[in-house]
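Novice: Quick one: structure below, then a few questions.
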Amino acid sequence: MPRHCLMLRHPRTRHPQPHFHGRRPLYTVHLGRKDGLVSDASHVEGDLPRPTMSLDQNIKVFQNKGFSIQEMVALIGGHTIGFSHCKEFANRIFHYNKNSPVDPAMNPRFATRLRELCKGYEKNTTVAAFNDVMTPGKFDNMYYKNLKRGLGLLSSDQGLGVDKRTRGFVELYAANETAFFEDFKHAMEKLSEVEVKSGSEGEVRRRCDMFNA
Ligand code: HEM
């Protein structure tokens, strides 16, 4: 996923060691993970979670890669940073259902601001909103606090705070940032070991978003 590419672009050390430092999760990045020699969007269908998929479907995507529901909730806390383009949540603010254009689970003032931001998004496709509206530039547990106030951006985000299989973990991470950091760190390390390629199956890229040749 390009998002992992982004997150792993600047490893802080050549000698992996467990970290927990300051107010953000630092974790071991094993260098030398290979990327495949083919990159085709159609090959990843079914392997990637989507905001429009049901929670059941998203849970399956993570379980197929060996992640528990708790690990999934911790990993999605990655949405404490970054952006999502309007088309990813347009259904929640413009055409939710025939009774209401706006998802009633969304904070109304937040919905109004997003509707203004995303006006004409079909033409101006680069417009995007912060995933964490309160502290967009800070890696913290605000993402989970937001879900409790209807400030989740994607349907898949907001759903985590509602379903009984995930709600308890949202509560835990909203109340306890240290628990979030610890679990995020372990789950990220585990993610980096999923389906590792060896030998001629891939190459260590010089630029993570391009083939070497
Ligand atoms: C149910 C699971 C997930 C869904 C449905 C989902 C969906 C999305 C979508 C639709 C975007 C916006 C993409 C765009 O508009 O360019 C996004 C952005 C992002 N996601 Fe997720 N995601 C999920 C899990 C994760 C996980 C596990 C991580 C990290 C561990 C993660 C990290 C990020 C980051 C950092 C961004 C911002 C990227 C940027 O600013 O360019 N997401 N996600």
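Just so you know, the numbers here start at 1 and follow the chain as drawn.
Each residue, glycine too, has its Cβ placed from N, Cα and C.
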Novice: Looking at TrEMBL, which one out of T80, T166, T178 binds Ca(2+) in the same site as D132, T135, D140?
Specialist: T80
Novice: Name the one residue among C118, D132, T135 whose Cα is closest in three-dimensional space to that of P49 (substrate binding site); these are the recorded positions.
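Specialist: Looking at Cα distances from P49 (substrate binding site), the smallest one goes to D132.
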Novice: Taking the recorded positions P49, T80, C118, D140, which residues show a Cβ-atom distance to ligand 1 below 6 Å?
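Specialist: The ones that qualify, in sequence order, are P49.
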Novice: Would you report the average pLDDT that the model assigns to the domain 'Plant heme peroxidase family profile' (25-212)?
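Specialist: A mean pLDDT of 96 is what the model gives the domain 'Plant heme peroxidase family profile' (25-212).
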